[in-house]
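Asks: Pulled these from TrEMBL:
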DOMAIN    B:287-344  domain 'PepSY'
TRANSMEM  B:27-51  transmembrane segment
TRANSMEM  B:156-176  transmembrane segment
TRANSMEM  B:204-224  transmembrane segment
TRANSMEM  B:375-397  transmembrane segment
TRANSMEM  B:418-442  transmembrane segment
Amino acid sequence: MRFIKFTPLLLTFFLLAACSADPEAADHYAKREEVNVNIEAPESIEAGSAPKIDVKLTQDGKSLEQEATVNFLIWKDENKADAEEIPASLDADGTYLLEYTFPSDGVYFVKADVTVDNIHLMPTKQIRVGELTQEEIEKIKQEQEQKKQDDSGSHHHH
Amino acid sequence: MEAQKEPSVSKKKQQKRRSLYQSVWRWHFYAGLIIMPFLIILAITGGVYLFKPQIEAALYKDYYEVTPQTTVTTPSEQINTVEAVNPNAAVTSYRPSDSPDRSAEVGITEDGKAFTVYVDPYENVILGKLEDSYKLVNVFEKIHGELLMGTVGDRIVEWAACWALILIITGVYLGWPKMKGKSKIRGVLVPRLNKGKKLRARDLHVVPAFWISLGLLFLILTGLPWSGLWGNNFQILTTNAGVGYPPSVWVGDAPASDVKTKEIADVPWSAENLPVPVSTNQQYTQLSVDDVVSIAEEEGVKPGYNIMIPQTQDGVFTLSAFPPKARDEVTMHIDQYTGAVLADYRYDNYNTLGKVIAYGITIHKGTEFGIWNQIIGLLVCIGIVGIAVSGFILWLSRKPEGKLGSPKAPSDKVMKGVIVLMIILGIIFPLVGISIIVVWLFDRFVIPRVPALKRFFNA
């Protein structure tokens with residue numbers, strides 16, 4: 001009869017005993033070649049100036065030696081349809097320069113379209129030029145508020 | 001027990017065999033009686049679920065069908081329309097149209113409930129909105145997978161499926177032909193309909209059960225890998241060992257988007273009441289769904305996939321397709337800031353066991369081999385209901401008044417063989433192990449102590 005006492009214990013053990021996924025398990029399966037991309041821009045940009053903005057490509061922590069095709073797309077606010085396309089110039093191994101003069105103050109988006117072999121990267125960075133109007137600040141505040149809600153409101157799906 | 005006057009060696013042997021037969025009969029009976037209702041539920045709901053494509057195409061015709069035109073709107077325009085109509089919803093997924101006359105689907109969550117919104121990609125108008133958990137076929141799937149009872153239901157289904165294995169094993173032992181020669185086939189492969197009522201009742205259970213159990217065995221073995229306890233652990237073991245699905249296809253985490261912490265961590269989307277850092281210039285924005293669709297095209301992923309939109313800072317766009325045929329499956333994770341393909345898992349990237357499970361699942365669901373797959377699946381489902389019912393009738397036809405009609409309990413010695421088999425199954429399937437312990441305790445300690453039960457169970 002002593003068995004009966006252990007039954008709930010055994011039951012809990014079996015129901016809870018779950019192995020866990022190994023974070024390194026991906027090493028056993030097909031891997032993709034990785035190239036890291038970073039758009040680098042100065043902290044503050046004035047309208048009418050040509051700031052040093054570049055794209056840095058790295059692989060395994062080192063500058064990418066292989067040549068890539070890099071194009072920039074630049075637009076202001078929501079006017080993505082009117083984006084200006086500017087080809088990048090190669091500066092050094094893995095570094096591509098944007099030569100562009102921001103015409104006026106405001107919120108700009110700089111998208112770098114990078115192709116290396118069959119790898120296609122397309123990061124977009126928000127760049128603020130000059131002083132923002134109260135309206136623009138409010139808008140950014142709202143967007144961030146929205147993001148915060150999204151972050152806490154829903155969970156990650158696999 | 002009869003014929004005990006001259007206990008010759010062969011008589012003893014015969015008696016022993018008869019006892020073993022009885023003990024197996026008892027277990028077949030216990031298992032059958034307990035899981036019969038579950039098997040019937042699983043067979044009926046599964047039989048309906050097999051025809052999901054046809055049922056949904058008929059039910060949601062108005063939401064699915066669109067008239068092809070020359071100009072198509074972009075996915076982000078369609079998503080904007082859905083957001084405008086459902087301002088409080090979070091968009092969680094987008095499924096591009098997979099043929100010119102099929103609508104696109106936008107998945108949203110609102111008040112914790114998931115909905116699918118169907119959009120005409122040409123006109124950019126909403127055709128309809130359905131709550132996912134109330135879709136008819138999803139309800140059948142929910143019953144089939146967890147009896148509408150969440151985790152508890154999932155465990156019950158898993159447990160019933162494991163016990164069905166015991167039924168098949170014990171059933172094969174019980175039905176194994178005892179006669180030699182030609183008559184072997186009759187009563188196992190072919191029923192004997194004109195040899196009296198009792199034999200007919202037996203054969204109407206045993207003969208179909210023999211044929212159906214092949215299909216049932218297949219459904220159990222292919223169904224178990226997606227069960228919540230055994231299946232989940234099995235998947236984790238095979239994924240970790242590098243022999244199954246790659247991580248994140250079934251178990252394991254997807255890779256994370258590179259959030260470039262030094263730049264984004266300063267941005268106060270997690271801090272409260274901080275002034276907008278107007279001087280902090282650099283913030284990556286999330287890729288648009290249009291870009292993700294173009295990446296899918298570049299990567300050669302055929303339409304029919306679903307894009308899961310990241311809901312956290314380090315989440316990824318997950319592109320997944322589980323089409324009718326296993327070899328077309330895709331799970332692809334895309335960095336939400338750079339568009340980099342972080343992982344690309346196609347059927348070809350599954351390891352051997354993963355491929356086997358994948359085929360098992362598509363055949364189980366009746367999609368792998370088209371209409372014939374569905375028809376054979378349906379026949380097996382009907383057969384399962386049939387053998388459950390005929391088993392019950394067989395028991396009724398043999399059951400004496402006021403008793404369950406189980407054979408007398410044999411000695412422990414004879415039960416050894418059966419016990420070993422039970423222990424092995426109990427170790428492989430912990431839920432079976434637990435219930436075997438419970439039934440054994442009942443069989444061993446409760447029944448002998450309660451005279452009424454003892455009479456009832458014929459112990």
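Cβ coordinates come from backbone N, Cα and C, glycine included.
These numbers come from a predicted model, not from an experiment.
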Asks: What is the number of residues in the domain 'PepSY' (B:287-344) that are helix, strand and coil, as DSSP sees it?
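Replies: Summed over the domain 'PepSY' (B:287-344), the classes give 13 helix, 19 strand, 26 coil.
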Asks: At a Cβ cut-off of 8 Å, and with pairs 6 or more apart in sequence only, do we get at least 3 pairs between the transmembrane segment (B:418-442) and the transmembrane segment (B:204-224), yes or no?
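Replies: No; fewer than 3 Cβ pairs under 8 Å.
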Asks: Counting only residues 6 or more past its boundaries, what in the same chain has a CB within less than 8 Å of a CB in the transmembrane segment (B:27-51)?
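Replies: Residues packing against the transmembrane segment (B:27-51) from afar: 137, 140-141, 143-144, 147, 156-157, 160-161, 163-164, 166-167, 170-171, 174, 219, 365-366, 374, 377-378, 381-382, 384-385, 388-389, 391-392, 395, 404, 406, 418, 422, 439.
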Asks: Averaging the per-residue pLDDT over the domain 'PepSY' (B:287-344), what integer do you get?
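Replies: Reported value for the domain 'PepSY' (B:287-344) is a mean pLDDT of 93.
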